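Single-structure report; data block below.
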């Protein structure tokens, strides 16, 4: 048993020795693998460095080739320019040489002609002097005889005229009547012209008017007849506003119509808000609803007139006072009249004073309606003429949906002949577009309808699809955002300039 125990111990030592040998072999294999991995890594780095170096050399060669080609092109261009310059210089030298030769030949010709003419004149000097003397004597004799004859005739006629008292009296009376007739005709013509201009003509400051002139009646008789037979329109027909604003402007329209019927004094109105919100459109509708004429005048037309602005301004109000609609009333609409008392010239200040003089009191002849997107720029005296202020804000969601329908006539109007609507929910599409069109004015939304019609007309089948609508809406939204960025930049620049001005002051 002891021998067996010794053998077992011996066998276990042998196995431990074998395990140690196996472990040494595994360690050697691991070390060899590690060395091989390091060798591969180093070879990879060297290959990468070699490739980078070769790529660098290739890039340098390419850059050198490009520079050489560029230098070659520049050299060719320089040679071409030098060649063109030389050709131009040769051409100029040739032209100058030709001109010099032509000038020399012309001088020689003139000298030859002068010498020949002088020789002829020297040879014929006696004959020429004799001819001049004979002509002078004949002319002197003719003049003397004419003077004697005229004096004799005039003296006899004047003596006979002075001797006859009846002829003298008739002549004096005739000249007197002629002078009176010329003076009277000239003054009468001026009075008649001013009367015709005030009654029938349109002042130069009036851009647009519903008042019918004689020239317009002759030029468009059918249109004039329809206008005369037309009935007063609803003040909000075709105008989309918010419920609160619609209620207020309807009250203004009703009050204006009743004022006209009762021959009362009109109230002046200021409408302000962003562009395209319906200010000018409502002003026209207000005049037509109340049965009045309207006339549109812009402040930009006043400045170029200079000294004639005062006369033109008085002509506008005189013309407005001669309207024959109803009880002799007119509506004057002034848009974008940004008159700053600090920056205007002397002529424009005089025109402004004339405007303030004619609007100083309430009138039953005309109604003043100011429409502007910058009311803060009005002179304070103009603001003092205003009796009521109305804010036309941007349309809300509900108003935008209504404008979508109005701008495209529901895409089913009979007047739209070629355009057809594809199969999709147009009502839901208008609602979605109204949400996307937040911040847009009524004019921008109406232009969307025009863009849809143009897209349908440009297609082969004339059908307005949903994709066409989405494309035009995307463009409109992008353009609106761009316009807003420009507006913010402009206002920022104006604020900075105003701050600088205040600092300087």
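Backbone N, Cα and C define each Cβ position, glycine as well.
Here the structure is a predicted model, which means the values were calculated and not measured.
Copied from TrEMBL, the annotated features are:
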REGION    1-87  region 'Disordered'
COMPBIAS  10-45  compositional bias 'Basic and acidic residues'
COMPBIAS  56-66  compositional bias 'Basic and acidic residues'
COMPBIAS  75-87  compositional bias 'Basic and acidic residues'
COILED    110-140  coiled coil
DOMAIN    265-396  domain 'AAA+ ATPase'
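Among residues of the same chain six or more beyond the compositional bias 'Basic and acidic residues' (75-87), none has a C-beta under 8 A of the stretch's C-beta atoms. The DSSP breakdown of the compositional bias 'Basic and acidic residues' (75-87), given as helix, strand and coil counts, is 13 helix, 0 strand, 0 coil. Mean pLDDT, taken over the coiled coil (110-140), works out to 82 on the 0 to 100 scale.
Taking DSSP states H, G and I as helix and E and B as strand, the compositional bias 'Basic and acidic residues' (56-66) has 11 helix, 0 strand, 0 coil. Taking H, G and I as helix, E and B as strand and the rest as coil, DSSP gives the domain 'AAA+ ATPase' (265-396) the counts 54 helix, 27 strand, 51 coil.
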